[in-house]
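A.B. asks: The structure is given below, and queries will be raised subsequently.
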Amino acid sequence: MNSFSNLPAENLTIAVNMTKTLPTAVMHGFNSTNDPPSMSITRLFPALLECFGIVLCGYIAGRANVITSTQAKGLGNFVSRFALPALLFKNMVVLNFSNVDWSFLYSILIAKASVFFIVCVLTLLVASPDSRFSKAGLFPIFATQSNDFALGYPIVEALYQTTYPEYLQYIYLVAPISLMMLNPIGFIFCEIQKWKDTQNASQNKIKIVGLGLLRVLQNPIVFMVFIGIAFNFILDRKVPVYVENFLDGLGNSFSGSALFYLGLTMVGKIKRLKKSAFVVLILLITAKLLVLPLLCREMVELLDKGDSVVNHTSLSNYAFLYGVFPVAPGVAIFATQFNMEVEIITSGMVISTFVSAPIMYVSAWLLTFPTMDPKPLAYAIQNVSFDISIVSLISLIWSQAILLLSKKYKQLPHMLTTNLLIAQSIVCAGMMIWNFVKEKNFVGQILVFVLLYSSLYSTYLWTGLLAISLFLLKKRERVQIPVGIIIISGWGIPALLVGVLLITGKHSGDSIDSAFFYGKEQMITTAVTLFCSILIAGISLMCMNRTAQAGSYEGFDQSQSHKVVEPGNTAFEEGPAPVNEPELFTSSIPETSCCSCSMGNGELHCPSIEPIANTSTSEPVIPSFEKNNHCVSRCNSQSCILAQEEEQYLQSGDQQLTRHVLLCLLLIIGLFANLSSCLWWLFNQEPGRLYVELQFFCAVFNFGQGFISFGIFGLDKHLIILPFKRRLEFLWNNKETAENRDSPVSEEIKMTCQQFIHYHRDLCIRNIVKERRCGAKTSAGTFCGCDLVNWLIEVGLASDRGEAVIYGDRLVQGGVIQHITNEYEFRDEYLFYRFLQKSPEQSPPVINANTLQQERYKEIEHSSPPSHSPKT
């Protein structure tokens, strides 16, 4: 809804092509006056791509196990204890306090304190007594502490380096406000919660307050700010040359490494979210990204009494932009240290970072408008829509490739989600084409309008149709759902509406705005479509909520039907929640004779039989590996039951109901904004600046829905990241294919395999290997990849699931274990692997086993290893 046709009559002539007729003054900053622009908006988009591109690289490195969570801690320590303190120290030393606008700092402090205490009080009133104080301590910190240095500073530098370079120094002054004045209050609440949980009567009130203040003083950022201010006066704002080069070397490494580390910390944070967590996250993110920016801006407008009107306006805009910065990773560190509200805080950090990018982009565009002239506004919305459509289309292509390659599009509700993604893709393509259609090409405009608005109305309707299908899935389990009717409705009704609009509507010839191409009739049609979709989606989700027990939504990583962890979304966690092995793979076996695989065409094949759902014994059995070693060494995927069940597991996967519910909730928010825009235009003749902001939000939502879909469905590592990693390794190292492991392996892999065979292999076999049926009357000793990962962590051979996967992959490369069909590398999933027979040439090294680990083995032998959720 990019319409400004309701502005005063003298400004209604927007028929000209904005890209050709706008003057230069409008093109640069959209400033109709002769004043210079307050910020360099042309550098914003590249800065956002730079920052979030590095974050994405870090995420891919963590998801692909190039850097494990344990290894990432070293990078985090370097960033927080060396790079950032050096950067802070130098900038505090050279800071010119005479140029600081202290009223700006007071305004930010009041705004942050207001949000902090509002969130704190509401949490104390609403939260359950069991965890009231921990929530009241961490949630306000979440809502007020921004990622000032890693994400904020590069963006401020891009916007204000050429116009107001002194604004960069405010980052170093504003950041300690939260750390020194507000965070101690939150820490004290957390210490009170810890005291209540432990019932430690000896811990008095003074000690609790002291511990809270001590945590603040231990923060390197706070410590270095005080040291830097002291040396500011001692050195007279001049850093010695021999020290300056050293500080520059550390400080210059901060930005890239901090953003990369941020991506690493985002891996697997969205996990096992319950229904109640959705509400909490939405409220916290709203407080951080919407309430705080507005309060910061209003406080500066109210308290700043600067002489320059331009500087006053620019400061208030800067305050708003500062408030939009996402949550700092340090909040997640605080939650982990206290072991309180970790899931909500870490998940919120990821979501706020993801959501803040489009908000910062739109906010910066809005802040460049000194007047309400409709021409530059319409031009800006056209360009924002075009830019977002390009990136969104790429995200949608990625997400659709995930659904196609995983074959989830064949099952519900992913079949309907695929239609939604296709409609969103057509919307982006239509917007891109609309941008190039000439004003006088009426036929071209009509054709593109039909393409654009048929698909846009389809995205509106698919939100409601997807919600009602989720309700039917939840209500009727696997009962047949009228998929054909839903698909026909999702595409047919929008096409019918656009057809009626073409026949009955009157073309508004003086507008190039697609949202007002057919004037009032189009706005009414859009409003009715939005209202119906919101009504259907809202009723469906409420009914779905009533039919489900409180908190019974499955986690992001758990399947409702199989209780299997969904591939690609489990965190590197030290103590994951227990998940049972799929029922597909468990039962008793009446006969456990050696597999009677026969040799044919150079390959071993198990006898062809009808599929049997249950294949393994309920108790671990020590198989005769020398006897059936060749069993399933090259099982045919069309005849072996284990291979068939693997394929069924990989294809069926998870219905991902929680992800679809979250998708519907986020889309409903955008539908409400569009409906508000339509109603505002129909009933209000004086739109004002808030209406303009709403128009920008609607444009970003309509053509940026791909970001939401990508964030929810586009991050499957096994279909995109790992294949790319394997291909890159193949090209880099010129390796053989996975089936040919005859090439020499590295000495490190040899040593790992020899140590495992000599000290750990037999115990591992006794603990995790089970007899599983692979033929009519045959069985083989196999184990699941996730079971080996759990065992490696249990005995201390790996510190986390990421390192365990690397260890298992070394065993595969060294020929110690092998996938039953040799199709997959080692994965932390319910895929079947087997131990290969010991090679005579493999002599164990002379290494003394650790006594403590041997004692640990004795304990493990008397107890079965716990079942952990796989890291996939």
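Note that Cβ sites are derived from N, Cα and C of the backbone, with glycine treated the same way.
Okay, these came from Swiss-Prot:
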BINDING   Phe45, Tyr59, Gly268, Lys269, Ile270, Arg659  cholesterol binding site
DOMAIN    759-837  domain 'DEP'
REGION    3-372  region 'PIN-like transporter'
REGION    382-719  region 'GPCR'
TOPO_DOM  1-40  topological domain 'Lumenal'
TOPO_DOM  62-81  topological domain 'Cytoplasmic'
TOPO_DOM  103-106  topological domain 'Lumenal'
TOPO_DOM  128-135  topological domain 'Cytoplasmic'
TOPO_DOM  157-169  topological domain 'Lumenal'
TOPO_DOM  191-215  topological domain 'Cytoplasmic'
TOPO_DOM  237-245  topological domain 'Lumenal'
TOPO_DOM  267-275  topological domain 'Cytoplasmic'
TOPO_DOM  297-317  topological domain 'Lumenal'
TOPO_DOM  339-348  topological domain 'Cytoplasmic'
TOPO_DOM  370-383  topological domain 'Lumenal'
TOPO_DOM  405-416  topological domain 'Cytoplasmic'
TOPO_DOM  462-482  topological domain 'Cytoplasmic'
TOPO_DOM  504-522  topological domain 'Lumenal'
TOPO_DOM  544-662  topological domain 'Cytoplasmic'
TOPO_DOM  684-693  topological domain 'Lumenal'
TOPO_DOM  715-872  topological domain 'Cytoplasmic'
TRANSMEM  82-102  transmembrane segment
TRANSMEM  107-127  transmembrane segment
TRANSMEM  136-156  transmembrane segment
TRANSMEM  170-190  transmembrane segment
TRANSMEM  216-236  transmembrane segment
TRANSMEM  349-369  transmembrane segment
TRANSMEM  417-437  transmembrane segment
TRANSMEM  441-461  transmembrane segment
TRANSMEM  483-503  transmembrane segment
TRANSMEM  523-543  transmembrane segment
TRANSMEM  663-683  transmembrane segment
TRANSMEM  694-714  transmembrane segment
A.B. asks: In the topological domain 'Cytoplasmic' (405-416), how many residues does DSSP assign to helix, to strand and to coil?
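C.D. replies: Going by DSSP assignments, the topological domain 'Cytoplasmic' (405-416) contains 7 helix, 0 strand, 5 coil.
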A.B. asks: In the structure shown, with every protein chain counted, which of the binding-site residues Phe45, Tyr59 has the densest set of Cβ atoms within 10 angstroms of its Cβ?
C.D. replies: Tyr59
A.B. asks: For Arg659 (cholesterol binding site), what is the secondary structure state per DSSP, taken as helix, strand or coil?
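C.D. replies: SS state of Arg659 (cholesterol binding site) = helix.
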A.B. asks: Just how many other Cβ atoms lie inside 10 Å of the Cβ on Arg659 (cholesterol binding site)?
C.D. replies: 21
A.B. asks: Applying the under-8 angstroms CB criterion, which one of 216-236, 417-437, 694-714 scores highest with the transmembrane segment (483-503)?
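C.D. replies: Most Cβ pairs under 8 Å with the transmembrane segment (483-503) come from 417-437.
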A.B. asks: Hey, does DSSP put Tyr59 (cholesterol binding site) in a helix, a strand, or just coil?
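C.D. replies: In the DSSP reduction, Tyr59 (cholesterol binding site) maps to helix.
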A.B. asks: Pop the mean pLDDT for the topological domain 'Lumenal' (1-40) in here, whole number is fine.
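C.D. replies: A mean pLDDT of 38 is what the predicted model shows over the topological domain 'Lumenal' (1-40).
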A.B. asks: Between the stretches 82-102, 417-437, 523-543, 663-683, 694-714, which wins on the count of C-beta pairs under 8 angstroms to the transmembrane segment (216-236)?
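C.D. replies: Comparing 82-102, 417-437, 523-543, 663-683, 694-714: 82-102 has the most Cβ pairs near the transmembrane segment (216-236).
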A.B. asks: Can you tell me which recorded stretch out of 82-102, 107-127, 663-683, 694-714 has the most Cβ pairs within less than 8 Å of the transmembrane segment (523-543)?
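C.D. replies: Of the candidates 82-102, 107-127, 663-683, 694-714, 663-683 scores highest.
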A.B. asks: In the topological domain 'Lumenal' (237-245), how many residues does DSSP assign to helix, to strand and to coil?
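C.D. replies: Counting residues per DSSP class in the topological domain 'Lumenal' (237-245), I get 5 helix, 0 strand, 4 coil.
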A.B. asks: Which bits of the chain, at least 6 residues beyond where the transmembrane segment (694-714) starts or stops, bring a Cβ under 8 A of a Cβ in it?
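C.D. replies: Tertiary neighbours of the transmembrane segment (694-714) are 1-4, 354, 358, 361-362, 365-366, 377, 380-381, 384-385, 388-389, 391-396, 398-399, 402-403, 417, 420-421, 424-425, 427-428, 431, 456, 459, 656, 659, 662-663, 666-667, 670, 673-674, 676-677, 680.
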A.B. asks: So what's near the transmembrane segment (82-102) in sequence-distant terms, Cβ-Cβ under 8 Å and 6+ beyond its ends?
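C.D. replies: Beyond its ends, the transmembrane segment (82-102) has Cβ neighbours at 149, 166, 169-170, 172-173, 220-221, 223-225, 227-229, 231-232, 235, 237-239, 244, 246-248, 250-251, 253-254, 257-258, 304, 306, 315.
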A.B. asks: Cβ under 8 Å, sequence separation of at least 6 from the ends of the topological domain 'Lumenal' (103-106): give me the contacting residues as numbers and ranges.
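C.D. replies: Same-chain residues near the topological domain 'Lumenal' (103-106) but 6 or more away: 170, 173-174, 177, 300, 303-306, 315, 319.
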